[in-house]
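S.K.: Sequence annotations record features per position, and here TrEMBL assigns S-adenosyl-L-methionine binding site to G35, R40, E57, M58, T59, L86, Q87, Q102.
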Amino acid sequence: MLGGLTQVHWPDIDGSRYILARFVPSLRECALDCGAGIGRITKHLLLPHFTTVDMVEMTGKFLDASSAYIDRPNAERVGNRFCCALQDFTPPEGRYDIIWVQWVIGYLTLSATVEFLRRCVAGLRPCNSTATGTATDPVGQSVIVLKDNVFPDAKPDFDEAESSFMRTHDELLEVFRKAKLRVLLDERQTNMPSYICPIYAFVLVPQDE
């Protein structure tokens with residue numbers, strides 16, 4: 001779901017694969033694709049690395065089209081297809097090794113984004129003896145990845161055509177702080193067309209209690 005910007009697809013996927021190579025959880029049993037659309041991220045990024053992928057998407061017709069888009073046999077490894085807006089969605093507790101949130105938070109208010117991310121923390125699989133990640137060494141720990149366009153000015157931009165906000169970098173960092181998330185990676189995506197707003201990826205883990 002790229003709004004016609006098909007030239008963005010493979011640079012985006014390649015950049016995301018590089019993130020997974022550095023921060024992939026030790027356990028790769030189950031991932032969650034938030035704002036999944038018809039399953040672009042599920043198909044090209046998450047299913048090649050995880051046994052099962054759940055999708056959450058508010059538009060039912062996109063979920064209905066996802067099986068044909070992902071295609072067999074990989075479509076059979078899609079677990080739950082949740083038809084729900086993120087502000088109303090609560091991930092199953094302790095289920096996910098990674099929660100991927102891409103190009104969707106602009107449809108949420110800042111406060112709704114904070115609350116959603118707090119619920120995502122509860123949806124992460126806890127660290128245990130089979131995972132290498134710990135509170136002090138998070139490599140291998142279950143993570144949240146948020147990837148989105150970031151508006152370069154001091155104030156957010158509202159896209160009337162999409163009815164969504166493009167958040168600023170400072171706004172997102174404040175959202176993470178309020179959600180009690182620690183930022184392991186704050187990185188601009190490279191190899192993107194110069195005419196689109198910068199895309200940043202954030203790798204997030206729960207703050208130490």
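From the backbone N, Cα and C atoms, a Cβ is placed for every residue, glycine too.
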S.K.: Could you find out if DSSP has Q102 (S-adenosyl-L-methionine binding site) as helix, strand or coil?
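M.R.: SS state of Q102 (S-adenosyl-L-methionine binding site) = strand.
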S.K.: Pick out which of the binding-site residues T59, Q87, Q102 has the most other Cβ atoms within 10 Å of its own Cβ.
M.R.: Q102
S.K.: Could you say whether, by DSSP, G35 (S-adenosyl-L-methionine binding site) belongs to a helix, a strand or a coil region?
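M.R.: SS state of G35 (S-adenosyl-L-methionine binding site) = coil.
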S.K.: When the number of other CB atoms within 10 A of each residue's CB is tallied over all shown chains, which of the binding-site residues M58, L86 has the maximum?
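M.R.: Comparing the binding-site residues M58, L86, the most crowded Cβ belongs to L86.
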S.K.: With DSSP assignments reduced to helix, strand and coil, which class does E57 (S-adenosyl-L-methionine binding site) get?
M.R.: strand
S.K.: Give me the non-local Cβ neighbours of E57 (S-adenosyl-L-methionine binding site): same chain, 6+ apart in sequence, Cβ-Cβ under 8 Å, ordered along the sequence.
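M.R.: Set apart from E57 (S-adenosyl-L-methionine binding site) by at least 6 residues yet with Cβ under 8 Å, we have G35, A36, G37, L63, S66, R81, F82, C83.
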S.K.: With the S-adenosyl-L-methionine site defined by the record as G35, R40, E57, M58, T59, L86, Q87, Q102, how many Å span the farthest pair of C-alpha atoms?
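M.R.: With G35, R40, E57, M58, T59, L86, Q87, Q102 as the binding residues for S-adenosyl-L-methionine, the largest Cα distance is 21 Å.
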S.K.: What kind of secondary structure is L86 (S-adenosyl-L-methionine binding site) part of, going by DSSP in three states?
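M.R.: Assignment for L86 (S-adenosyl-L-methionine binding site) reads helix.
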